[in-house]
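**Student:** Residues annotated as Zn(2+) binding site in TrEMBL: Cys94, Asp96, His154, Cys157.
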Amino acid sequence: MAKHSAEVVVEGLKKILLNVQEELDEKVQSKVEKLIAELQGREHHHRHHPPCDHDAQRLDDGFHFFKTHIFDKHRECFNELAKAQHPKFLVFACSDSRVSPSVVLNFKPGEAFVGRNIANMVPQFDRVRHTEIGSVIEYAVKSLEVDNILIMGHSRCGGIERLMSLPDQTQTYDFIDEWVKIGLPAKKKVLEEAGDLPIEQQLTLCEKESVKNSMGNLLTYPFVRSAVVNGTLTLRGGYYDFVNGDFEQWKMCTKPCHP
C-alpha cells in the first residue's frame, strides 16, 4: 500500500512538471524534482525516516502507542470489529483540531461513524451537490442502521465566525464561503433575535443555532425522515465548550421526549 501510494504521488508530481514546467522557476522546479527523488527512494524503505522528519516520527510514535496500549490489549474486540462494524451513532463534528468527537465523548473504536467538515454543517438533501455528506448519511442510516445522528457544534468555531462576517470583501475563499452559507438561516435568526448583543455572544448563539439548522436539514433526507418517524432514529444536537470544559445536548423526537 505504501509503495502504491508513493507511486501515485510521484506520477502526479511528474504531471505537474510536464504541464507547468515553463511557469515554474528553477528553484520550485528543483524542489519538485527533489521530492520525486525522495519518494522514489522511500518506496522500499518507507518506515525509515530522515532524522529531521519529526512529523513522520510523531505519526510512527502515535501508532506505536495505539498498537501497544490499545490494539494489543484488546485483540478480541478488534477481531470482532474486523468482521463488521455496528456503531450506534453517526456524528457530524467540525474539522477543528480541538474537537475530536472520539476524544471529547470518549468513543471507543466501533461506537461512532464520523463525518467532519467546516463548522459541522449538514446541507439539505441534494443528489447533485454535497454528495460526500449525503453518502455518509445514507451509508450510516441505510447500511449501518445507526440509532442516533449527533450534530456536535463547539465554541470559537472559525466557520461560524466566517459565516457571521459575510459578505467580506477583504478576503475571499474558493470553497469556505459557499460552504458556510448552509448556515445562513441560523445567522438570520440570530441577527433578528439578538442583533443588539455583542458579537461574541452572537457567535455563540449562532454556533448553537447552526446545529439546529443542520438537524432540520437532516429531515430533508427521505430515509432519515422515514427512520425518525418510525422511531428507529433519534436526531441529537450537542455543543462542546472547550473554553469552560462543558458539553450540552438536546434531541429531536416525533414522540414525547424523555431526558
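Using N, Cα and C of the backbone, Cβ positions are placed for all residues, glycine too.
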**Student:** Can you list, in sequence order, the residues of the same chain other than Cys94, Asp96, His154, Cys157 whose CB lies within 8 Å of the CB centroid of the Zn(2+) site?
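**Tutor:** Nearby residues not in the site list: Ala93, Ser95, Arg98, Val99, Ala119, Asn120, Gly153, Ser155, Arg156, Gly158, Gly159, Ile160, Glu207, Tyr240.
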**Student:** Taking the Cβ of Asp96 (Zn(2+) binding site) as centre, how many other Cβ atoms lie within 10 Å?
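**Tutor:** There are 19 of them.
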**Student:** Near Cys94 (Zn(2+) binding site), which residues of its own chain have a C-beta under 8 A away, given they sit six or more steps off in sequence?
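**Tutor:** Once residues fewer than 6 apart are set aside, Cys94 (Zn(2+) binding site) is near Arg116, Asn117, Ile118, Ala119, Asn120, Met152, Gly153, His154, Cys157, Gly159.
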